[in-house]
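Below: one structure, written as structure tokens.
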Amino acid sequence: MKKAFLLACVFFLTGGGVSHAAVQKTIFSADVVASVCHVVVDADSTGNSGRLTFGTYRKSTGASVPPRDFTVRLYESGATVQGCSAFLAGQVATLDFGNPGQLDAAGVVTRGAGDGIRVDVRAVDAQADYRGRLTQDNHSVKYPVDFAAKGQFRFRAQPVFPADVKAGEYSGALTFVVTYQ
């Protein structure tokens, strides 16, 4: 009787004499990205701190003022080479332009010289999903993340003068936020 009881205990403790072994393999993958990138706006490729200065408009001739180019560059903290790997964590990168009052239906709002001058700002990169005039209704430009990770977005700005423009100086501002999703 003692033998049968001991055998039964061993049988139950070992799982009925049947042993199961399973190998499970779990693979994790992740993108490691820099968490902080900083922005530099180069005006006319001169590193002009994001300030564009347009030529003089002569109302008597009505000739347009030549456009000016500017580039938005992104750098990872401490880097001297442009690029922002943080975009690789998303699927689309977006530059969203304009705080309240900076854009209207005609473009970037300016003050001075009659207050009717607008600045037509457009993305020029082929990878931009929108290359029309930035306005209050169309103020976002999206890019593929592989392009955005290179850290360079190019734009062109051109002032548009109304017929009743007055002599004087004008100025405007356009802010933007860079995001990725």
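Every residue, even glycine, has its Cβ placed from backbone N, Cα and C.
Predicted, not measured: the structure shown is a model, and the values here were computed from it.
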Swiss-Prot annotation, disulfide partner among Cys9, Cys37 for Cys84: Cys37
Packing count at Cys84 (disulfide bond) (other Cβ atoms within 10 Å of its Cβ): 26
Number of Cβ atoms other than its own within 10 Å, given for Cys37 (disulfide bond): 21
